[in-house]
Amino acid sequence: MGVNVFGIINLEKPRKEKLEFREPFEVFKSIYSEYESSFLLESMESDTGLARYSFIGFEPEMIIRAREGVIEIDDGDSREEFDSKNPFEDLRGFLKMEKNSGGFCGGLVGYISYQAARFFDTIRLSEGDFPDFEFGLFLDGIMFNHLTGECSYISRHGNRLPDISPLLGDEVPTGTLGYRRERTLLSKRRYMDMVLEAKERIREGEIFQAVLSSATDYRLRGDRLAFYESLRRINPSPYMYHLKLGEREITGSSPEMLVRVEDRRIETFPIAGTRPRGRTEEEDGVIASDLLSDEKELAEHLMLVDLARNDIGRVSEFGSVEVPEYMTIKRFSHVQHILSHVTGKLRDGMDAVDALGAVFPAGTVSGAPKIRAMEIIESLEGVPRNAYAGALGYLSLNGNADFAITIRSMVCQGKTGRIQAGAGIVHDSIPEMEYLECQNKARALLKSMEMAGEQVDPDNR
């Protein structure tokens with residue numbers, strides 16, 4: 001395609017103006033209803049050590065979508081389309097890699113659908129209902145540094161601070177969300193049958209593991225920020241997000257990083273092995289000890305750490321891949337997980353787009369070997385995953401990137417919202433237990449929906 005938008009847009013030196021620090025969500029509520037497209041990427045404290053920055057963006061310069069071999073550029077006034085054999089190769093035309101450290105300094109913010117894996121590996125996946133990717137090019141926004149307590153307006157193109165300043169002091173009440181369950185894509189019986197089919201493939205030696213998911217669709221009306229407000233209250237995570245790009249919105253509380261690139265250091269935190277939280281700290285400890293002595297969970301985690309090491313090794317300098325943290329317990333509101341930390345250093349000639357492609361999709365939402373596991377998932381689940389199990393985050397103009405795995409999320413298109421969760425299937429999996437794991441992972445989302453409003457007939461206004 002050969003598009004270079006920075007031949008059209010004048011990229012200025014970074015402008016930074018300090019603002020009074022307020023809670024990111026309170027600021028976002030003031031901005032959300034004023035713009036058709038906006039985002040909040042919010043880090044909230046947990047014992048993972050990942051919470052660092054939060055970002056708000058609004059009304060991007062353009063939105064870039066890829067679907068069916070075509071890239072569409074929508075600047076709000078007009079749309080252009082270009083044929084593209086591999087849209088991720090062409091995505092670099094919307095980035096200007098600058099040598100400048102420090103998180104996000106303007107760039108692409110959006111999501112990548114699970115179906116986009118076919119551009120990174122030789123695999124056949126069906127077309128989804130969502131674009132393969134959808135990013136806004138955001139050249140200004142608000143940055144919150146939770147370590148220093150600083151808040152700043154940052155800009156690389158123009159100055160829209162006067163436009164939003166009148167909004168920033170507003171106290172905006174949250175509305176309510178009306179919802180109605182429309183359909184569950186898989187019954188409990190069908191999900192357990194899928195587990196048995198996957199175990200048969202494992203016994204035949206095709207794979208070691210496959211992550212099978214179940215989804216439920218809801219009809220929605222009202223204030224979707226009410227759902228996010230409830231979710232951040234009961235399930236704070238290092239990766240909280242509310243992304244609105246026109247008619248598509250993704251709201252989530254992901255515990256798991258897909259990949260981060262900062263100053264050419266690449267890292268990921270594979271999570272595998274799950275138990276519910278206890279009612280007390282002592283009960284938490286007992287449950288965690290049981291988790292760390294479960295041979296099935298440990299074998300699954302080791303497999304996924306090895307997969308992460310291999311993925312990162314594809315784009316890292318020889319000998320630079322390390323595992324500085326291995327099989328530690330990390331706790332969230334409703335569940336606790338086994339977590340490890342895998343790092344590497346990007347080798348010369350590689351960038352954040354290469355790093356993203358090397359690890360996408362995460363082994364923790366696909367399986368091992370990854371390609372064959374994904375083919376089996378496609379045949380068993382029967383419907384495209386779309387944004388679920390893909391990635392959401394940013395590619396910064398300075399070459400940095402930070403993406404969460406799109407799990408523990410509600411994915412909305414129009415009036416429909418979908419909640420989806422999965423479990424890793426191995427040779428000794430018990431179908432009933434795997435089904436319950438999916439339910440445990442979705443519990444915080446369902447509770448958030450209940451807190452945000454009430455079950456109604458959304459078409460009865």
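Using the three backbone atoms N, Cα and C, a Cβ is placed for every residue, glycine included.
Some features that Swiss-Prot has for this protein:
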| type | residues | note |
| --- | --- | --- |
| BINDING | SER43, PRO238, TYR239, MET240 | L-tryptophan binding site |
| BINDING | GLY273, THR274, TYR388, ARG408, GLY422, ALA423, GLY424 | chorismate binding site |
| BINDING | GLU300, GLU437 | Mg(2+) binding site |
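It is 6 Å from the Cα atom of ALA423 (chorismate binding site) to that of GLU437 (Mg(2+) binding site). Here the binding-site residues are GLU300, GLU437, and the one ringed by the most other CB atoms within 10 angstroms is GLU300. For the binding-site residues TYR239, TYR388, the ranking by surrounding Cβ atoms (within 10 Å, all protein chains) places TYR239 first. Under DSSP, TYR388 (chorismate binding site) is assigned to coil, being neither helix nor strand in the three-state scheme. When every Cα pair among SER43, PRO238, TYR239, MET240 is compared, the largest distance found for this L-tryptophan site is 6 Å. For the binding-site residues THR274, ARG408, GLY422, GLY424, a Cα-Cα cutoff of 10 angstroms around GLU437 (Mg(2+) binding site) retains THR274, GLY422, GLY424. It is SER43 that, of the binding-site residues SER43, THR274, has its Cβ surrounded by the most other Cβ atoms within 10 Å. Less than 8 angstroms from the CB of ARG408 (chorismate binding site) sit ASN235, SER237, GLY252, SER253, SER254, PRO255, ALA421, LYS441, ALA444, LEU445, each of them six or more residues away in the same chain. The secondary structure of GLU300 (Mg(2+) binding site), as reduced to three states from DSSP, is helical. Between the two most distant C-alpha atoms of the annotated chorismate binders (GLY273, THR274, TYR388, ARG408, GLY422, ALA423, GLY424) there are 19 Å.
You'll find the Cα of GLY424 (chorismate binding site) roughly 8 Å from the Cα of GLU300 (Mg(2+) binding site). Residue environment of ALA423 (chorismate binding site) contains 23 other Cβ atoms, counted within 10 Å of its Cβ in all protein chains. For the pair MET240 (L-tryptophan binding site) and THR274 (chorismate binding site), the Cα-Cα distance reads 20 Å.
TYR239 (L-tryptophan binding site) sits 18 Å from THR274 (chorismate binding site), taking the Cα positions as reference.
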